[in-house]
Amino acid sequence: MAARNRRKNNKKKSLLVTSAAQEKNATYVLVAEELHKKTIDLNMGTETPLTENHENPIPAKEFKHQQKLEPIDEHDDGEDELSIKFKSMTKSSGPITEAEVQKLLLSYAFTSAAIQEDENEKESRHYPIKPPSPSASSLSAYFQSFVEKCKQVFYNFSLQTVEKLNALQNSLYEVFWIIFIYLNYWFPNVGDYVSNTFGQQDSIIIRISLSKSHFRALREKSSQKVQQAVKNIYFCFQEKPYLTAFKVSFAIGLVIPCSLLFLIMVSTATFFFFVYLTLFVVIGFFSSLFIIPLLGISFVFAIGVVSFGFCSNMSFKMAQLIYVRADAFLKKVLDKMALQTQPAQLQEPQEPLSTLRPVSNPTIPSPLRQTARPSKFVTEEDVIFEPVSAQSAIARSLETTANKAGNKFQLS
């Protein structure tokens, strides 16, 4: 009897302990499920409120049958997972064990680890290069990390270069067509001129669109070539990083001074071009204003030069003619005067030639006395010749006349 009562009391205590354990286990399971659901919703971008606790325990067999590590398939009656769990918690069944609770917690931990691993993989795709681990203390590990870092920097630089080139091409393309539109707006006759020159007015729009598409195709082709060149450089850098880095650095070091020199030359040429163009326009403008007066002045000056030259030549010819005529006339007059002159003394009987002596005649001037002596009265030893310069025809005529007059005098 006492043994029976003892068994009954033990059974009651075991039932009370079992019910308390079931309630506690159900609470743990519900909290774990709600935490798991909240984590999944947060990863998906939504957050669901926590469900309220239920007092009824979950049947152990049905919960064990439904809860697994794998995802639960949809049921035939169309009920979702949460409603099934709620129904299972409201039913009365056997107690849930601690092993099942641990399985649920392990499932939650496994799911969280999988989600974290997916996030790490996504980050590694965006940033493929990882910093070296603290354990990689050898020189080769640091060198490998340095090479990877250089590759990443060069890859980013290549992408930025291609992006800047594309932006520059787009800007130039936009500026070109804006300038064309403004020119057509400011100078409407340009469109008519182009249409009359290259075709009908209806086809000018088609021609502009064709040129625009052609320019776009050239721009795309050039951008593709640039991208292909950058890719080739990147692949060469992966294969031979030192040689490629040396070539790129040498090319950059050569391109920079060449670009500066080219820029200076272009700037200087452009400056002088505008200076010469301005001077040409100014000189052309003023010459067009004063072309008629300048031509008139030059014509008058040419007429004056020709007139003065003609008058000078004529005056020289007239003076020469007058001088020659006067010289001839004076010569004739002197000849006549010499013929009409009579001797002032009578002739005496002549002495022999051997006894004759040259006697000076004071009536004859001294120059003529020295030169005008008849050769039959004097000898060669007694004749004294002095240089007499005949500067003109008048002097020569005077000398001739004096010679003729001297021959008629009898020198004693």
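Cβ atoms are placed via backbone N, Cα and C, with glycine included.
Residues or ranges marked as compositional bias 'Polar residues' by Swiss-Prot: 357-373.
Per Swiss-Prot, the feature region 'Disordered' maps to 347-374.
In the predicted model, the topological domain 'Cytoplasmic' (1-170) shows an average pLDDT of 62. The feature topological domain 'Cytoplasmic' is assigned by Swiss-Prot to 1-170 (among others).
Under the heading topological domain 'Lumenal', Swiss-Prot lists 192-247, citing a curator's inference as support.
For 315-412 (among others), the entry in Swiss-Prot reads topological domain 'Cytoplasmic', with the evidence type similarity to another entry.
Summarising the annotation, Swiss-Prot assigns transmembrane segment to 171-191 (among others).
Residues or ranges marked as transmembrane segment in Swiss-Prot (evidence: sequence analysis): 248-268 (among others). Outside the transmembrane segment (248-268) by six or more residues, the chain places 233, 237 with a CB less than 8 A from a CB of the stretch.
The annotation transmembrane segment is assigned in Swiss-Prot to 272-292 (among others).
A Cβ distance under 8 Å defines the sequence-distant neighbours of the transmembrane segment (294-314), meaning residues of its chain 6+ beyond its ends; these are 287. According to Swiss-Prot, the feature transmembrane segment maps to 294-314 (among others), an assignment based on sequence analysis.
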